[in-house]
Amino acid sequence: MSATTAAPAQTTKTGGLLATIANNARQYGIVGALLIIVVVFQILTGGVLLKPNSFVSLIQQNAYVIILAIGMVMVIIATHIDLSVGSLVAFIGGICALLMERQGVNWGLAILISLLVGLIVGVWQGFWVAYVGIPGFITTLAGMLIFRGLATVLVGESVPITSESFRGIARNYLPNVLGWWGPFDGLTIVLGVACIAAFAWSQLHKRIRAQRVGLVPEPMSLTVIKIVVAALAIGFVTYLLASSGNADQGGTPIMLVIVGVLVLIYNFILTKTVFGRHVYAVGGNRKAAELSGINTRRVDFTLFVHMGFLSAVAAVCMLSRLASATAQAGMEFEMDAIAACFIGGTAVTGGVGTIPGAVVGAFVMGVINQGLSIMGVDTAIVKTIKGLVLLGAVAVDIMSKRKKR
Amino acid sequence: MSERDTILTMEHITKTFGPVKALTDVNLTVERGEIHAICGENGAGKSTLMNVLSGVYPHGSYDGRIEFDGKECRYRTIKDSEADGIVIIHQELALSPFLSIAENIFIGNERARGGVVNWDETRAQAARLLERVGLPEDPDTRIADIGVGKQQLAEIAKALSKNVKLLILDEPTAALNDEDSEHLLGLVRQLRDEQGVTSIIITHKLNEVAAIADNVTVIRDGSTVGQMYVTEETPLDQDELIRKMVGRELTNLYPDHPSNPVGPEYLRLKDWTVHHPLDPNRVVADHANITVHAGEIVGLAGLMGAGRTELAMSVFGRSYGSNISGEVYVKGRKTELHNVQAAIDAGLAYATEDRKAYGLNLLQNIRENASLASLRKLSRHGIMDDNIERKEVSRYRRDFNIKCRDIDVPVSTLSGGNQQKVVLAKWVIADPDILILDEPTRGIDVGAKYEIYEIIDQLVDAGKAVIVISSELPELIGICDRIYTVSQGVVTDNVDKQGFTQEYLMRGMTKEREVAVR
């Protein structure tokens, strides 16, 4: 669900409690920084930041950064970068809008075609990077120009979206099927409880399986602490969501479900699959990976296909939110996604990084954005502050690494 | 050389790196206008000595006294030694590939006035220097566009531009073909005869030593063990030189392991020929024929640059080389190993000599490194089975005695010996039939070495075939059942256990190709 709960799921150490925490200081550090930022803005905004409805809009506004950061973190781990994602949001958003508004295509089919276009663009960029050997920076810089240009040709001024269903993706909630329990949405409460139970079950199950194959599991105290912390975090988020909404609807926003599912799936891919291992291996030492029998070209290619797909998802979300396709859509999105990765502890030189980290990085930027705009700070100043935060986060990271050596 | 005119004396040089003594009480005397060869096995301390001389290791970081051209030297940097006319040309050339020859010659020493380069002057002087070294190239040619042999000459031109008095060449011909080697050595001779330049040459090629050196100093295990003068009347006694280079006793640094009865043939190379990846005319392995059986430890002995690693990597999924020809038979079946995965599937494993650059992902932990070559085995439908992986890696952590807190610590925190065990674990988990171990004990301490030998013994006792590549002859003699000697890409001999003496093997390792240096 939220990033705070996903981060502790990373830890599978078998040492003592303190050692385990020390091992993951970097992960916990960025989560701690996010908590501090949240508390500071909660105070500065007089408690507005964590009002249910502004919390929901925080998620809806930053969904695109998270979706793009999921792919970007994998690309950066493998020592590449993708500068074209912002242009792709405009290009694919334009195609989706034209399909619905000019060709009369059903909105569901339009989304499917958009995702397919994203995959094709990924194949295109992956081909140049992996099989021709053009660095990702250059391939996607070209892509940034190509797709921004094509978006302008396609869209012209703008294409407004008329489909209410499509526009609802970005602003509607899951249907209130279980009714209102007092002031709370029933479905959200059920989902929250289910998440807590699933987390607890996965932690306990992991212990049992470890014991079954004869390994020493992590200390029980740590498992309990993890479950309690996760339960508190998920519980709080559930409370906020369940009491959000307006006169017609409320509860769990659809965007949160999309983002949550993507985060879970991609975190699984990166941490639990052979492909995920290949990504880290290629990023950490390409030559050693090759000599271990890994097809490094195919890894590079697949990553760009994933990135194309996720760009298409972000494009659809953004189009729904803006309710109109423009050639300027997605401007500088690549920078937001890259910044989220680096704030979230991804190494500039590749090989290191996690999806939960990138999600937390995206929330750090999002909370600062939201908090400052609630306070009425000028957007130009907001941008400056975000730049300084990026610089500071990476500086702290580099200096802490240097000290360790 | 009737009267002595000493240009360089190095006395009682001792240099330590932490607990390791690289040089112990080394003495070196070089006469003006001679070509002085320094010989010794890999790791004997030759390069360290030259780094002490040229100021790479500054005065004060070593003990001893250096006198050059009549005055005591206390060089703090290479710049200081160059100012006195000592120029060292390293094995890895220090040229910038995308700059021109002229720019490279005067790099850091630009023909300039007030920071503005005088290009006419640069070109004119470069052309004159190129003529002196016999390199008929336009000074504006990019370094990347000329071959290694010519690059070496450009390096010497660069040295001459600094008014060199003592030229130090570290393995100058290791990367050169025969013709280029001959030209280079001719040039060194010419510089001596016509311009009085003194040279120190470090080389493994004993024929070169015999052909060019006036004086030879032998270094072994960080100490000088002898000096040999060469004149027209008394040519170099190569056997004597070899004895001096290797003369040390074998002690029981190696586990007592009787040879297994020879099993079925596991790997056979037939006329395996490999060319250099960048220079397709340079033969790196020349019609190599090698056979390895189950249960057997076979050594590949060769000096640096002999082509051992290149041979092994070219077999392992064509990871090295161009224009490869010849046949590979795995368990008697002719097999094409087009890429690494195919080689792994066929039952091969190759543990690299450079574990940090090619063997390990230093950003990851023991578990992730050790499972890297077996991910398919440790997963189901593309999803990792964490517990099987942990179990498997933990098993080899225990079996190989990898000293660590747990298998989730980064490999970068381990000692060299433990890192090497992780590399071995990675390949043993892949369960190959044939393991090629390239310098498996390089840079690790004696205790860890012994443990690695024991692991190798266990592997062959389990019916696997092991090929060990090593620069240390005593190591190969201590653990192998059979040794192939390799020299300049040619397998020169196939030696059975009865024939294991350092002198005999060294002869095979230094045998020259037919087209030898004059």
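Glycine is treated like the rest: Cβ placed from N, Cα and C.
Residues annotated as transmembrane segment in TrEMBL: A:28-50 (among others). Sequence-remote contacts of a segment are chain residues at least 6 beyond its ends whose Cβ falls under 8 Å from one of its Cβ atoms, and for the transmembrane segment (A:28-50) they are 3-4, 7, 21, 58, 240, 343-345, 357, 360-361, 363-364, 367-368, 370-372, 374-375, 393.
Sequence-distant neighbours of the transmembrane segment (A:84-100) (same chain, 6+ residues past either end, Cβ-Cβ under 8 Å): 64, 68, 71-72, 106-107, 109-111, 113-114, 117-118, 121, 125, 140-148, 150-151, 154-155, 159, 161-163, 166, 307-308, 311-312, 314-316, 318-319, 324-335, 337. Residues or ranges marked as transmembrane segment in TrEMBL: A:84-100 (among others).
TrEMBL lists A:107-128 (among others) with the feature transmembrane segment. Here the transmembrane segment (A:107-128) has Cβ contacts under 8 Å with residues 82, 84, 88, 91-93, 95-96, 99-100, 134, 136, 139-140, 143, 147, 163, 165-166, 300-313, 315-316 of the same chain, all six or more residues outside its ends.
Residues or ranges marked as transmembrane segment in TrEMBL: A:134-156 (among others).
Look at TrEMBL and you will find A:177-201 (among others) tagged as transmembrane segment.
Residues annotated as transmembrane segment in TrEMBL: A:221-242 (among others).
The transmembrane segment annotation in TrEMBL covers A:254-275 (among others).
As annotated by TrEMBL, transmembrane segment applies to A:301-323 (among others).
Here the transmembrane segment (A:335-368) has Cβ contacts under 8 Å with residues 3-4, 6-7, 9-10, 26-27, 30-31, 33-34, 37-38, 41, 49, 58, 61-62, 64-66, 68-74, 76-81, 85-86, 263, 266-267, 270-271, 280, 283-285, 382, 385-386, 389-390, 393-394, 397 of the same chain, all six or more residues outside its ends. Per TrEMBL, transmembrane segment is recorded for A:335-368 (among others).
Positions annotated as transmembrane segment by TrEMBL: A:380-399 (among others).
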Cβ contacts under 8 Å made by the transmembrane segment (A:177-201) with residues that lie 6+ beyond its boundaries: 1, 5, 9, 227, 230-231, 234-235, 237-239, 241-243, 245, 250-252
